[in-house]
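Peer 1: Just lifted these from TrEMBL, have a look:
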type     : residues                                                                       : note
ACT_SITE : Cys352                                                                         : active site, nucleophile
BINDING  : Cys229, Ala230, Ala231, Pro232, Gly233, Asn234, Lys235, Asp253, Asp280, Asp300 : S-adenosyl-L-methionine binding site
COILED   : 60-87                                                                          : coiled coil
COMPBIAS : 448-459                                                                        : compositional bias 'Basic residues'
DOMAIN   : 121-418                                                                        : domain 'SAM-dependent MTase RsmB/NOP-type'
REGION   : 425-459                                                                        : region 'Disordered'
Amino acid sequence: HVRQLYALVSETLRYDSVLEKLLDGAALLQAEKKLPPQLAKVLVYDLLFGKGLKCGGRWKALARRHRARLEAELARMKVRHKVSRNEDLLAPEQAVSPAGEWARAGWAPCAGSSGGLCLTCPAPAASQVPRYVRVNTLKTCVDDVIDFFKRQGYTYLGKAASVEELKALSGKKFLLDLHLPELLVFPSQTDLHDNLLYTSGHIILQDKASCLPAFLLGPVAGSHVIDACAAPGNKTSHLAAILKNKGQIFAFDVDPKRVATMNTLLTRAGVTGCQLAQQDFLTVDPRDPKYSRVTHILLDPSCSGSGMVTRGPGQEAAPSAERLQALAGFQRRVLNHALSFPALRRLVYSTCSLHQEENEDVVQAVLQEWGSAFRLVTAFPSWPCRGLAAFSGAESCLRASPAETLTHGFFVAVLERCREGAVTPSSLPAAAKENPQPGQGTEPGAAPKKRKKKKQRVK
């Protein structure tokens, strides 16, 4: 049972900060002075979040004596944080992938490898990845957020010129990201969960790589958009900000609790014009008149989550070949389904996986099935990490990794419908073409323009 024991310890470490608060709130260590704190955490994790204490002996009996008190404290924590699921108590970077699977298989591809995973090259620890903060332009603007943090004693260093500058951040210093125009970058250990801007929905704590799909989809205001696998909702709120709350978003997730959590997040972010549905996207009828105007789809389906950086001291083995094939089969089905919406013009397919089977192989297989109906767009030409050379044109896709881009591991492919006689599609999302950044032509990633109309200011 070594694997089960390892899994229990790993999950206890992941919930460490939550368990600390539970133990303090329930006063368990004060009541049981002989109970070692680390053992208490393991027992409480297994009692409340795990399989209900399969162990025996006096420790099991001791923990069960305090079960009611611990459950009550857990319920109070959820109410305070306005969440419905245990995992929503975790910080975003500790939480699950959109697939609902914990992504701690932190293997990184070796430079010069043929796209396989090198088991001798673990991904960098979370401490090496900065804290990314997306400004929610539905409620405020970049300039106002920068001013707010400066008033709180932070030092603004301007727009970053390189990834090395992000890596060198320390103390209470922050930068504007060099690629994404509404993304601020802080040192990795910066905790903003209690900050007024976060609790009021003016900023979203979201990894840079996770911001790429909505940014590259870039629908113009007024568009009808589908977020096919939407929970927990950060990408949905990003889409709403890009649309300026003008248009319609249809967001789907099959899990009722995740939909409830997403509804809370979107409300806090000031999102309107979004229809949430507790529904498997594969059961949505593309011919339903409701979706006749859907021109853009963001598809971030269930995946192995192998690109997420490690947060604990240990690592899990890579998923089995059978698991990867099962995931890839699902991903091909859902991508094929998304492409069948009749008015679709542009689609972004993304995963937080490092595996070629879930990324380039899925895109290649689906494009072959559709023939000349869709083609790959060269996504974000200035982005340094490109798709693996699995097929001709795969370099149009982009990848992200802790080592090269200081983000979680990620994969993004942009597909556009072909038209007869059409020239090669633009690499830019429509929203970026509509509002090119100053001094950069139509290249994404320039500094944001000054806004003429101020959003509400947080004092």
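Heads up, the Cβ atoms here are built off N, Cα and C, so glycines get one too.
Note that TrEMBL annotation is computational and uncurated.
Note that this is a predicted model, so its numbers are computed, not measured.
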Peer 1: Please compare the binding-site residues Cys229, Asp280 by how many other CB atoms fall within 10 Å of each one's CB, and tell me which has the fewest.
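Peer 2: Least crowded of the binding-site residues Cys229, Asp280, by Cβ count within 10 Å, is Asp280.
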Peer 1: Mean pLDDT, the domain 'SAM-dependent MTase RsmB/NOP-type' (121-418)?
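Peer 2: Mean model confidence (pLDDT) across the domain 'SAM-dependent MTase RsmB/NOP-type' (121-418) is 93.
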Peer 1: Inside 10 Å of the Cβ of Ala231 (S-adenosyl-L-methionine binding site), count up the other Cβ atoms and send me the figure.
Peer 2: 28
Peer 1: Taking the residues the record says bind S-adenosyl-L-methionine (Cys229, Ala230, Ala231, Pro232, Gly233, Asn234, Lys235, Asp253, Asp280, Asp300), how far apart in Å are the two Cα atoms that sit farthest from each other?
Peer 2: 19
Peer 1: Just to verify a number: CA distance, Ala231 (S-adenosyl-L-methionine binding site) to Cys352 (active site, nucleophile), in angstrom, no decimals.
Peer 2: 14
Peer 1: Could you give the Cα-Cα distance between Lys235 (S-adenosyl-L-methionine binding site) and the residue listed as 'active site, nucleophile', in whole Å?
Peer 2: 13
Peer 1: Test of understanding: give the count of other CB atoms lying within 10 angstroms of the CB of Cys352 (active site, nucleophile).
Peer 2: 26
Peer 1: Closest to Cys352 (active site, nucleophile): which of the binding-site residues Cys229, Gly233, Asp280, going by Cα position?
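Peer 2: For Cys352 (active site, nucleophile), the closest Cα among Cys229, Gly233, Asp280 is found at Cys229.
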Peer 1: Would you mind checking how many other C-beta atoms are within 10 angstroms of the C-beta on Gly233 (S-adenosyl-L-methionine binding site)?
Peer 2: 28
Peer 1: Near the Cβ of Lys235 (S-adenosyl-L-methionine binding site), how many other Cβ atoms are there if near means within 10 Å?
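Peer 2: Cβ-Cβ neighbours of Lys235 (S-adenosyl-L-methionine binding site) within 10 Å number 26.
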